[in-house]
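Asks: Let me give you the structure first, and then I'll get to my questions.
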Amino acid sequence: MSTQLQTWDFLPISMNLQGRECLVVGDTEQAVRKTDLLLRAGAKVRLLGDPHAKALKESADALNAITVIPDPFHPDLLQLCAVVVAASDSAMLNQQVAQAAQARGIPVNVVEQPELSSFIFPSIIDRHPVLVSVTSSGGAPVLTRLLRNRLESLIPHGFGRLADLAMEFRDKVRSRFGHINQRRRFWESVLEGVVSDLVFCGRTDKARAMLDDMLSGEQADAIKDTGEVYLVGAGPGDPDLLTFRALRLMRQADVVLYDRLVSPQILDLVRRDAKRINVGKARSNHTLPQQEINAMLVELAKEGKRVLRLKGGDPFIFGRGGEEIDQLADAGVPFQVVPGITAASGCAAYSGIPLTHRDHSQSVRFVTGHLKSDTCDLPWHEFVQDNQTLVFYMGLVGLPIISRELIAHGMKPSTPIALVSRGTLPDQQVLVGELGNIAKKVEEQQIPGPTIIIIGDVVTLRDRLRWMD
């Protein structure tokens, strides 16, 4: 038994308005917004309203691009119009405009009154020439806006560049592949593979060269067999701090190599069927040596896999990311790097401790606190500076040595210090003390890792700026 399909209130279509006359009635903010959309579509816009109205005066760009008519509305103004928009603050005038336009068969939109409209403006995700329209048929504009915001985070901003590249190669692909199924398979491999990732990260020239090689056949087999490595910074722990690009690559990877510092909440966002490999990196207990990790990245990519190398924080700040991509470059494996919010920045922000402040600190220094054999050749004398913030990564175990050396080189024992444990996560802890007593406090309270240590006068600002507590 067949089920009758529900009819639509509006048909979503795209209209060519290049060089065509359009009339907007009203001088409100809504009229200005609709005018901007029509101008983006290449229309010639006449606006009926007061040229001195506040909304128009605040939109100088729109005023310079349109003709403002300070006359009362008359149906004769509709001559030669492709579309009409009624956006005045008079319900009676808007209804009059709608009736006159519909009597002449001219598409009309009455703002916030879909029942009087023959067309409505959708919410738009702009990746020109790719445009995605979202509409609730005028019934739930807030819901439409929420849906658009979600889609904005899922569609890379480079989609427009990818569409331009596809159009550029359309004729070449048609000449190379005679059957539509061959062309479809080719474009699917291109748009879901390395070429699209190159475009998304701004390397369009490289993508163009790769497309030429694929079509010529000279390197088609090598391109097909070689995957790519994504070196992605996962940030300090809170999944909401991931970048859009990081999230997209996490969702398309075939295999992920992750460190101990990557939170379970972030791992949950990785593609469900991706193979997961824990490469560890706890203090003195590396699940895999760095050289084996480097070799594994190369091997997996050469198997044609999309390999996600997921690191806590930022891969280029005490993350050994440079070593890993150096070997990838030697092996000729394509890769891209996605920065993450480094632990110093994320933990400081979530603790209410600005790393720099005009009254307290004009510089900040990141230092590794991962000491080997209880010794360190750090330039301690350089750390003892006025108006400077020190941030030690991986310094929990070495905290007694760090405190002792800084005091020995001239830093006051009363210098404010904060230790942030599991920063940006729901169970974040912040322990504040002085350089001379912090090690004892940590021992008494059994603070768990991972931690960030912040030293300097900026720590005193936490009492007023602690927004997470």
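In case you wondered, yes, glycine gets a Cβ from its N, Cα and C as well.
Found this in Swiss-Prot, in case it helps:
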REGION    1-211  region 'Precorrin-2 dehydrogenase /sirohydrochlorin ferrochelatase'
BINDING   E29, Q30, D50, P51  NAD(+) binding site
MOD_RES   S136  phosphoserine
ACT_SITE  K281  active site, proton donor
Asks: List, in sequence order, the same-chain residues at least six positions removed whose CB sits under 8 Å from that of S136 (phosphoserine)?
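Replies: In sequence order, the residues whose Cβ lies under 8 Å from that of S136 (phosphoserine) (at least 6 apart) are L143, T144.
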Asks: List every residue in the same chain as E29 (NAD(+) binding site), at least 6 positions away in sequence, whose Cβ is under 8 Å from its Cβ.
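Replies: Spatial neighbours, sequence-distant, of E29 (NAD(+) binding site): A55.
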Asks: Any idea of the Cα spread of the NAD(+) site, E29, Q30, D50, P51, as a max distance in Å?
Replies: 15
Asks: For D50 (NAD(+) binding site), which residues of its chain lie six or more apart in sequence with Cβ-Cβ distance below 8 Å?
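Replies: Correct list: D27, L56, P70.
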Asks: Work through the binding-site residues one by one (Q30, P51) and point out the residue whose CB has the fewest other CB atoms within 10 angstroms.
Replies: P51
